[in-house]
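Per Swiss-Prot, the features are as follows:
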- D247, R277, W412, R443: substrate binding site (BINDING)
- D301, H303, H440: Mn(2+) binding site (BINDING)
- 31-65: region 'Disordered' (REGION)
- 206-317: region 'Catalytic subdomain A' (REGION)
- 1-6: topological domain 'Cytoplasmic' (TOPO_DOM)
- 7-29: transmembrane segment (TRANSMEM)
Amino acid sequence: MRLKIGFILRSLLVVGSFLGLVVLWSSLTPRPDDPSPLSRMREDRDVNDPMPNRGGNGLAPGEDRFKPVVPWPHVEGVEVDLESIRRINKAKNEQEHHAGGDSQKDIMQRQYLTFKPQTFTYHDPVLRPGILGNFEPKEPEPPGVVGGPGEKAKPLVLGPEFKQAIQASIKEFGFNMVASDMISLDRSVNDLRQEECKYWHYDENLLTSSVVIVFHNEGWSTLMRTVHSVIKRTPRKYLAEIVLIDDFSNKEHLKEKLDEYIKLWNGLVKVFRNERREGLIQARSIGAQKAKLGQVLIYLDAHCEVAVNWYAPLVAPISKDRTICTVPLIDVINGNTYEIIPQGGGDEDGYARGAWDWSMLWKRVPLTPQEKRLRKTKTEPYRSPAMAGGLFAIEREFFFELGLYDPGLQIWGGENFEISYKIWQCGGKLLFVPCSRVGHIYRLEGWQGNPPPIYVGSSPTLKNYVRVVEVWWDEYKDYFYASRPESQALPYGDISELKKFREDHNCKSFKWFMEEIAYDITSHYPLPPKNVDWGEIRGFETAYCIDSMGKTNGGFVELGPCHRMGGNQLFRINEANQLMQYDQCLTKGADGSKVMITHCNLNEFKEWQYFKNLHRFTHIPSGKCLDRSEVLHQVFISNCDSSKTTQKWEMNNIHSV
């Protein structure tokens, strides 16, 4: 009986355990109408979600996770998505709040979708008068050669026995390479900074930099002196690399000799060679792709010398705010003697802002009182509407977020304006830095130049200008076409990607830019009136045209064979009765007869009237007519005589191609 009872109890225990397991399994099995554990987790989280109408990934329904809205080509391992520029800015589709305005969260969302946020911590520089700055050299800079030529940037003047060799070097390279080759590559330079610059103290947590130098058939000593000066005057901990981009040079000294020479620096200096001539603009974009070690890209022309303590003032603003682009004050290295002097113009301190006229020629205008009021000291960085383009510093990733240079810009010209407008209108800042000085050699007259490759075609610079104004100037582009009417029918390629970039990045209008940043441009270069007519001024039924011969500011115009290429033979007459070429006007000379060309503003030299049907230009103040001597090739005014064929002219439109 005991056996039977024990057996029964054990059987009941087994059955009960089995039934318990069945019940437990049943409770754990999901039913079709049961919410999943993950959905319950989302519900619990959404209770505290400040944006409850957003999806489970924290973004609005249908919104992808953040990806940089930047055109980065995939080159040498640099990850960039060209299609991302087409991505619609999702912030625009956010629900409007009942208050009617954007919340701070919406604003932050838009900014984040446009550019990456600042993550680097950097403290503002501190001015301590009388206490030498922490980046200032404690001892005077040693010379390259004691007592050597050109030390301290003193002029080196060679005798007449070198004249022929100097002229040949200027023709080939644009500089007096005879003198340059006599000067040490490590020469000492003069200090042109304001005294106050010596007492700035900078946070040592500066970003590192890659210095990018593009060259094409550059002279040896001017190129290498650029490199030497950077290495000599840049703290080594911040100099990640120097990247040389050889834009298809064919000079022997820029091949194996260069490769061997840079081995002196054990990999600090690198050279990359383009397989075809790309031009300065696109070669700089290539340089950005090749330079991978530095956090900041510093661009220098291939004939520069950086000055004492140039680095910290230039990079400090970028270390504080990654959307700031900085430009050093550019001094002039004389291409004959290699003396370094401050650039002319500007205000009483030599400070100028970058500007342009409506023909898109580069200009410098004095620093305005408004900009001076924004600074506590005269050596702080100040805002500039534009840069000259050859020398500047920009955070590497920010430059890629901006899309580098417009890939449709060719060789040289206009890229300085394009990057300046893009920075300002899309949320960045462009600052000139008084305490960072860099000397630059300007090409001398007599240089044969570097003609663009055949594949580029004609008028690359003018095409560049047209692309820039079509993308960035909005309604202001009409003023460019008034100044450069020959460009109205010029094909400039596809700019849809660039327009989309503006839209996706919420870039501001050019009107905003002109009113808030470039507010002083029109006071120096007023908006031009509409044209009455434009083109070559040809002697009626002749092959001779009025030609400025490249003269400006008081030179006399002449007659020359018509070439239908515009340039020095392209004029326009506007509704203000000015007969102009670029920013120059025609007027009578001091002798009261010969016609000269000189700089003018809108209130000057309103002297001409063109009677198209009569083929006549009348000089309004004198009542005389425009005349010519086809023997002496002179242009002058004389008493009007309808029977004189030399007073008959025709103005024929010229279109650039």
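Cβ atoms here come from the backbone N, Cα and C positions, even for glycine.
Fair warning: this is a prediction, and the values are worked out from it, not measured in the lab.
Assigned with DSSP, the residues of the region 'Catalytic subdomain A' (206-317) fall into helix, strand and coil as follows: 45 helix, 28 strand, 39 coil. With respect to Cβ neighbours within 10 Å, the binding-site residues R277, R443 differ, and R443 shows the lowest count. Cα-Cα distance from R443 (substrate binding site) to H303 (Mn(2+) binding site): 10 Å (rounded to the nearest whole number). Farthest C-alpha pair in the substrate-binding residues D247, R277, W412, R443: 20 Å apart. Comparing C-alpha positions, R277 (substrate binding site) sits nearest to D301 among the binding-site residues D301, H303, H440.
A simple Cβ count within 10 Å picks out one of the binding-site residues D247, D301 as the most packed, and that one is D247. As a whole-number mean, the pLDDT of the topological domain 'Cytoplasmic' (1-6) in this prediction is 49. Close to the recorded Mn(2+) site, the chain also has T222, T226, L300, A302, C304, I333, G390, L391, G439, I441, Y442: residues not among D301, H303, H440 whose Cβ is within 8 Å of the site's Cβ mean position. Within 10 Å of the Cβ of W412 (substrate binding site) there are 16 other Cβ atoms, across all protein chains. Separating the Cα atoms of H440 (Mn(2+) binding site) and W412 (substrate binding site) is a whole-number distance of 17 Å. W412 (substrate binding site) and D301 (Mn(2+) binding site) have their C-alpha atoms 13 Å apart, to the nearest angstrom. Least crowded of the binding-site residues (H303, H440), judged by neighbouring Cβ atoms within 10 Å of its own Cβ: H440. DSSP classifies H440 (Mn(2+) binding site) as strand under the three-state reduction.
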